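For reference, the structure discussed in these notes is given below.
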Amino acid sequence: MLSSWRRTREDQHVKERVAAVFSDCMLPFTASTALHVVTFGIGASPFTNIEAVRLFCRNACISVLFNYLYILTFYGSNLVFAGYLENNYRHSLFCRRVPKPELLQQKPAWYRFLMYTHYNEEATEAGTLRAYESHLLVAFMKRYYCDWITNTYVKPFVVLFYLVYVSFALMGYLQVSEGSDLSNVVATETSTIAYTHAQQRYFSSYSPVIGFYIYESIEYWNTSVQDDLLEYTKGFERISWFESYLNYLHGLNITTSLSRSNFTEHLRSGFLRQPRFVHFSDDIIFAKRADGEFDVVASRMFLVAKTTENKREEMSILLDTLRKLSLTSRVKFIIFNPSFVYMDRLASSVGAPLKNSCIAALFLLFFSTFLAADPLVTAWLTVTVASVEFGLVGFMTLWRVELDCVSVLCLIYGVNYAVDSSTPLVSAFALGREFTRTRWVKLALERHGVPALQSYLCYGAALLPLAAVPSNLTRTLFRCLFLTTIITAFHCLAILPVLLTFLPPSKKKCRERKNAAENREEIECVEMVDSTRVVDQITTV
């Protein structure tokens, strides 16, 4: 909107200037807002099974809607106010009328510094455009960059650089890993991080201690139940009162298939009274029955599994196996470790958002087919989004960012960001009719390149403070969003301008149709001069 406002003439009426700005910007801005609301709305819907993601998407929807209303009302009102200030030559901050240059020179230096502005009472369209084109970024884009990026000798190097980009992205894509590390959700300088690093360095061949909890009364004295429990814990390093008690009975030459009362009595009066077994007292819960006898109503054991280098994958497989076993076994048990919380979070935070992002991308492409004036615009948007997302996943992995809840949310956001940034450039090129491909690429860059570049610079500068936050989640957010900005800018300012110069849509047929139309008009003009009858026929039609 600001770029469009700068291209209007200052001598126009304020209503005409504001109308030109809104007609130029509000349709794509409305479409972009609709895409953001729909995409984040899917994340805030019941399709998402994570409350944190649902809250994030809900707040994002509210922010996008508030931003749309802000631009439509308050920001538009500021443009009107600024237009009246410019017409009356009043200062934009102090609202005082700026003196003419000869009068301003008579004022003190501090006054001239504060009140200086471009003063031209006979503003013309050409003069206004020259003032706009004198802007540093506009001049750089028009005089240097547009000619350089479309140069015949530069294009092969840009294509080669894009192939290098795809190669590195593929290398990172093949190394994508899922993030379920506890250290990723806490501050960096904490004892948890120190413990995690020490555990991974010295004890990485062992899994975390897994609690095996039996939460109902079972027949511990039954031989088949004993065999089941021993089978479940087989292959683990065990800290088990049950196995120690069975070995204790074997040491006394007592069979393990005792009656309920004898099994419980030996456990309470003999086993737990031994000094070397007294620490198991906290692992067994007794309850007194109606007949006065005691019974084991709940107990726990601790298991440690040996792992290899693929510790995270093995723990995930082990967790799934034991949980499926707990659902089908006649012994009702629960397994738990604090790290399982993050594994569960990962299982739900990666699958569901990825599914939602696919739904959002499909809806985005379906929605854009109705908004795009040319079907090839939709095709180019699809290719651009796919390339940006592919590169984002690859370089995110190379920058040691794992696939967790935050990175997946950034991937969803990257879809909208890529479409929002590339649509003006592609649309301006596709709708051009008169000139060659290279000429229309230059015109599209001159018109939309500077606002896009300013947006990338401001957005990147706003992200820099996030890099200093001592939190892995925040750093993940910074890295993903920063990569999204860099990769999107690379596509919109380099890749698309080069590819559009030799890939569809073609401008040749458009020029041929236009030339044919001009030829028909010339023939009709000749007939109108030579024949009164033809003139009468044309007049009748």
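Cβ atoms here come from the backbone N, Cα and C positions, even for glycine.
A quick note: this is a predicted structure, and the numbers were derived from the prediction, not measured.
Over in TrEMBL, the protein carries these features:
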type     : residues : note
DOMAIN   : 1-81     : domain 'SSD'
TRANSMEM : 64-84    : transmembrane segment
TRANSMEM : 153-174  : transmembrane segment
TRANSMEM : 353-373  : transmembrane segment
TRANSMEM : 379-399  : transmembrane segment
TRANSMEM : 449-469  : transmembrane segment
TRANSMEM : 481-503  : transmembrane segment
Could you give the residue numbers and ranges of same-chain residues that sit at least 6 residues beyond the transmembrane segment (449-469) on either side and whose C-beta is under 8 angstroms from one of its C-beta atoms? 2-3, 135, 137-138, 141, 145-146, 421, 424-425, 475, 477-478, 481-482, 485-486, 488-489, 492-493
Helix, strand and coil residues within the domain 'SSD' (1-81) as assigned by DSSP: 66 helix, 0 strand, 15 coil
Sort out the residues at least 6 away from either end of the transmembrane segment (481-503), same chain, that have Cβ-Cβ distances under 8 Å to it, and list them. 149-150, 154-155, 158-159, 161-162, 165, 380, 384, 387-388, 391-392, 395-396, 399, 410, 413-414, 417-418, 421-422, 425-426, 429, 437-438, 440-441, 444-445, 449, 452-453, 456, 459-460, 463, 466
